[in-house]
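Q: Sharing a structure below in structure tokens format, with a few things to ask.
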Ligand SMILES: C[S@@+](CC[C@H](N)C(=O)[O-])C[C@H]1O[C@@H](n2cnc3c(N)ncnc32)[C@H](O)[C@@H]1O
């Protein structure tokens with residue numbers, strides 16, 4: 001029926017109306033040439049629309065801007081990778097990463113991989129949980145940290161050595177990191193026309209240091225030999241090449257996009273690859289730095305010096321107009337091949353814009369490289385003459401600038417990302433302009449005890465981590481044995497040690513976690529709960545007071561009103 005619909009729609013609206021994106025592996029991504037309104041209103045599209053809604057609800061489809069799907073592709077994710085998504089909400093890329101780790105396994109068989117998805121804001125974590133819940137995965141942990149201060153949960157001083165002996169993680173280290181940082185969001189300009197009015201260069205200037213700090217933290221958490229993708233939906237070089245240049249000045253890195261097969265390069269997004277082959281523009285060499293000065297080059301969209309001469313930042317604070325920011329000179333003086341950074345620009349394929357840089361970690365960071373980021377805010381440097389002699393004021397300046405950055409981030413999130421957020425709340429019937437509906441849906445998706453208390457707004461105002469129960473391993477042997485015998489679960493099935501809950505007194509919900517998540521939880525317990533875990537694993541059993549709940553198996557023989565939750569069925573069926 002759906003093929004018939006697609007055929008009919010193609011006849012009526014032309015071949016391009018619904019087509020697979022040729023650059024996405026496995027024909028798994030499709031482009032629809034309809035606005036939301038058309039999908040909702042057009043009678044001919046009705047059953048197709050219903051199909052999309054249903055498949056979105058059950059997690060088979062995610063609606064996403066095409067260019068936003070590009071960064072995870074460059075991570076080359078394998079089914080045993082530990083992956084960190086540093087700034088993950090609303091979670092469209094997290095969803096992609098989860099799809100990738102589950103792809104090579106049969107349904108029910110869990111990969112050895114793990115995705116840790118993080119966001120700074122509690123409400124956005126809730127949105128992230130809501131959007132990733134459809135995946136029904138036991139291999140996800142959602143955390144709530146400042147990405148730039150993400151904990152490493154390190155047990156040993158040199159945990160790479162210790163790891164060899166114990167086979168258990170001695171600290172957090174990731175094979176892959178997605179660093180999709182908060183940005184000024186001008187890449188969304190085609191779909192969010194407000195951006196034309198709101199955007200100013202101060203937004204990017206204010207975010208630059210935060211972006212550097214987040215990227216540096218990512219690099220510190222990356223395994224040697226691992227890969228990190230830095231991305232923004234901005235075209236502003238201050239948030240893009242300048243960040244990569246700054247980061248690369250501190251470590252031993254190179255960038256590549258060689259993972260894309262040559263025959264696919266022009267198909268992917270032509271603008272991504274024009275500057276690397278040297279055929280489309282002239283190149284100039286400064287020392288050993290190659291800077292592409294063609295109008296299609298990586299710096300084509302913005303004159304950096306002009307950018308830094310803006311008089312006021314977003315908060316209306318004056319910016320020093322005489323001083324060129326260090327990030328500008330970083331781009332020009334960088335010893336790294338910045339032309340390999342990838343830019344997707346709207347006018348090349350009528351899409352959003354994206355910036356992508358792929359970084360490989362070649363050696364561990366030393367202390368200076370890690371420390372360096374926090375004292376070199378370009379604004380702070382302009383204001384503080386002798387930072388070393390005035391540590392207090394330097395700290396104050398740093399904190400002030402961070403606060404200002406966070407204000408900016410909030411504003412940017414409010415404007416640019418509300419759009420993405422609406423899009424990610426599934427299909428049209430759920431995308432209302434009424435924010436209260438949206439918030440309600442988000443809170444419904446909360447998995448932690450904060451939501452159970454029904455008092456999330458109050459907790460928003462408290463310091464971020466108060467009021468959320470720790471994650472505890474569920475060890476009640478009586479209940480576990482009854483579960484095993486009731487469901488006929490084989491002893492070989494890894495159940496013990498894989499069940500967790502949020503509270504010993506009131507273990508209402510029991511979650512199932514993969515081995516990879518279990519290992520991280522054990523580590524986190526040992527290091528004194530450094531990770532602020534908002535949600536994890538898959539809800540498998542729920543003890544309920546009412547026996548009339550839908551969605552549960554109920555049976556009088558089952559112990560202590562514990563009910564099996566359907567989301568975990570694919571895992572148990574394999575046992
Ligand atoms: C560009 S969006 C991420 C989009 C997401 N990767 C996706 O594909 O759906 C940036 C996110 O970073 C979060 N954020 C802002 N500042 C942060 C910080 N300091 N640490 C972690 N997350 C932060 C924002 O709440 C926002 O959700």
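Each residue, glycine too, has its Cβ placed from N, Cα and C.
What TrEMBL shows for this protein is this:
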- 1-362: domain 'SAM-dependent MTase RsmB/NOP-type' (DOMAIN)
- 119, 180: S-adenosyl-L-methionine binding site (BINDING)
- 233: active site, nucleophile (ACT_SITE)
Q: By the count of other Cβ atoms within 10 Å, pick out the sparsest of the binding-site residues 119, 180.
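A: With the binding-site residues 119, 180, fewest surrounding Cβ atoms within 10 Å: 180.
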Q: Hey, how far is residue 119 (S-adenosyl-L-methionine binding site) from residue 233 (active site, nucleophile), Cα to Cα, in Å?
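A: That separation, Cα to Cα, works out to 17 Å.
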Q: Rounded to a whole angstrom, what is the C-alpha distance between residue 233 (active site, nucleophile) and residue 180 (S-adenosyl-L-methionine binding site)?
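A: That separation, Cα to Cα, works out to 8 Å.
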Q: For residue 233 (active site, nucleophile), what is the tally of other C-beta atoms lying within 10 angstroms of its C-beta?
A: 27
Q: For residue 119 (S-adenosyl-L-methionine binding site), what is the secondary structure by DSSP, using just helix, strand and coil?
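A: Once the DSSP labels are grouped into three classes, residue 119 (S-adenosyl-L-methionine binding site) ends up as coil.
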